[in-house]
Structure formats: C-alpha cells, structure tokens
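Following: one structure in structure tokens, then a few remarks.
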C-alpha cells in the first residue's frame, strides 16, 4: 500500500512537472513575437526661412507621406545577484536601423504678411529630410546605430 502511494505520488509530481514545462513553453512562444516594422505615415511639415538679419522671409508647408518605425520588441527584467539593483534588464526598442535622405518640395508658401507667394522662385521650397528605410529591435539607449 505504501509503495502504491509512493508510485502514485511520483507519477503525480511528474505529471505536474510536465504541465508546468509545457505551460512555460507556451507562454514563451506567445511573448516571443516581435512586431517592428516600417510603415507609411502622413505628416504636415512647416519650414520658416529668414533673411540675413533674422527677419521672417517666408513660411512654406505641405502634407507628405514619410516612413516611420512602429511596433514592439521583447524586453525582460529578471533577478540577478550580479547587479547592484538586484535585477538584470534587457530592453529593446523598435527603431530605425538605416536612414536615407530625401528631397521634398513644399508648395504652399506665404510671405511674412501671410500673402501666398505665386512666383516660381519663392512659391516653392526644397527641403531635405531623413527617414527610416529599415526598422528593427535595437537595444534601448544604444545611440551608435
């Protein structure tokens, strides 16, 4: 009777251990998904231009489509005897891994009095922007990339 109880007890512990391991693997699979991607976004840009003595010469604006990084990355905090805080942190952020320069033309230009500029020379403004070409999960605070 005592041996049967011991065998049943061992089988029960073994079954609980298997369920625990399976549950942890399932949780790891669910939280292991990263979703960091490059998406299109519409933004409104306004740029002021000043003369040599600092007076407003013209203001130009426009709505343009640009790329942006959006999504989430895996991060974790776990107990650590090596760390002074008692925890080891690994944080990752969805950021640009490569930027490209792009020339944009703003078509709505106004002088300092708010009058729309129509001539070819002042009616448009060329500006340069930098936008992400590729996004990925990068260690948070790492500005080298």
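The backbone N, Cα and C atoms fix where each Cβ goes, and this holds for glycine too.
If you look up Swiss-Prot, you'll see 36-94 (among others) marked as disulfide bond. Other C-beta atoms found within 10 angstroms of the C-beta of residue 94 (disulfide bond) number 19, with every protein chain shown included. In the three-state DSSP classification, residue 94 (disulfide bond) falls within a strand.
Residues annotated as disulfide bond in Swiss-Prot: 60-109 (among others). Just so you know, the Cβ of residue 60 (disulfide bond) picks up 22 other Cβ atoms within 10 Å once every protein chain is counted. Mapped onto three states, the DSSP output places residue 60 (disulfide bond) in strand.
DSSP assigns residue 135 (disulfide bond) to a strand in the three-state reduction. Sequence-distant neighbours of residue 135 (disulfide bond): residues of the same chain at least 6 apart with a C-beta under 8 Å from its C-beta are 36, 37, 38, 69, 70, 71, 94, 95, 96, 97. Marked as disulfide bond by Swiss-Prot on the basis of similarity to another entry: 69-135 (among others).
Per Swiss-Prot, the feature disulfide bond maps to 73-137 (among others); the stated evidence is similarity to another entry. Counted within 10 Å of its Cβ, the other Cβ atoms near residue 137 (disulfide bond) come to 19, all protein chains included.
As annotated by Swiss-Prot, disulfide bond applies to 91-140 (among others). Shown in sequence order, 75, 139, 140, 141 are the residues of the chain, 6+ apart in sequence, with a C-beta less than 8 angstroms from the C-beta of residue 91 (disulfide bond).
Among the features that Swiss-Prot reports, domain 'CTCK' is placed at 36-131.
Residues annotated as signal peptide in Swiss-Prot, with sequence analysis given as evidence: 1-28.
Of the recorded residues, residue 109 (disulfide bond) and residue 137 (disulfide bond) place their C-alpha atoms 39 Å from one another. Counting only same-chain residues at least 6 apart in sequence, those with a Cβ under 8 Å from the Cβ of residue 73 (disulfide bond) are 34, 36, 92, 93, 94, 137.
Following the DSSP three-state reduction, the secondary structure of residue 36 (disulfide bond) is strand.
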